[in-house]
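Swiss-Prot lists 20-190 with the feature domain 'FAD-binding PCMH-type'. Per Swiss-Prot, active site is recorded for Arg166, Glu331, and the stated evidence type is similarity to another entry. Annotated active site, proton donor per Swiss-Prot: Ser236, in sequence order.
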Amino acid sequence: MHKKKYFSSQSLKDLNTFAIDVTAKKIIFVKTIQSLIDISKICQLSNIPYIILGEGSNVLFLENYVGVVIINRIKGIKIVEKKNFWLLHVFSGEKWHNLVKLTLNLGILGLENLALIPGCIGSAAIQNIGAYGLEFKDVCQYVDILSLKDNTIKRIYKNSCKFSYRNSIFKDQYKNEHAVIRVGIKLSKKWRPILFSSLENYITPINITAYKIFNIICKIRKKKLPDPKKIGNAGSFFKNPLIKKKKAQKLINLYKVPNYPQKNGLVKISAAWLIENYKFKHLQIGDAAIHKKQKLILINKKNATAQEIIKLAKIIHKCILKKFNILLEPEVDLIGASGKIKASKIFKLNSKLKVI
């Protein structure tokens, strides 16, 4: 018999970093794959909606959830040393930042640029997390997913994961009745520092170490970003838009907007800069507000509702589109009463405008 924790009509406030006070019919913590299989099977047979969360760091619950919220606490790390690289086999319930610290302390380098990113290993793969010039896809070797239909485990190697900016195949083809249970991370023994442009003011290439990069990034993030334990937030609410080179050049000429050319020919534009330079004056809806130091983050100052967060986001979305002709797409997952809701249903996203 697999041990599980059951709670009835429990508040989800402490289980989502936005600290939105909604409830679920049941909240169940699972520590084994078999427990996850058992619970999902019961839900399927009983026609009960269910959703799997890690740290709840990239979600916004729009209302009370009528089904079961499964909290993934499936943990375990196996490190295999090869001649030229390290291979990490990590279960999806492990916290990402804990893995970064562990590897650094063991002298296994390469994850330091992704320090202090909230969430678990599973969401790191699903969202293809990234910061300071490094993304999860750059270190991923494979992702293991569990089919909650037939209980089989399938290994998907990096090239088949369809990783892109804050996206992967796990947000699309495998988003329903599948769960990320384990990832493989490959780190070369020949460490090379990644000095992203925004780090240049804080660090010099002379005598640079992974520890220095880690400490500086942690310091920057703590200074710029709100601690979700103190101020409710889900990190960046919107994605940085990707636009065509010609359109980007016009914006650069007009506004000198921070931009980052991509390998696919598109240009990434700073969404935070767009919001900051719209110059919203004391924009706040109830307890929902824009963070003062990082404009891309929407915060719950105390007791904000999801409706207040969404209303604020809609105003920003509309204003940026009107002034810059750029469509901001939400990065957070929106959760309705029985599951995820497409952002297009709320923000009226026009797919034709995603690349302009």
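For all residues, glycine too, the Cβ spot is worked out from N, Cα and C.
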Measuring Cα to Cα, tell me the gap between the residue listed as 'active site, proton donor' and Glu331 (active site) in whole angstrom.
7
Give the number of CB atoms, excluding that of the residue listed as 'active site, proton donor' itself, located within 10 Å of its CB.
19
Give the distance between the Cα atoms of Glu331 (active site) and Arg166 (active site), rounded to the nearest whole Å.
8
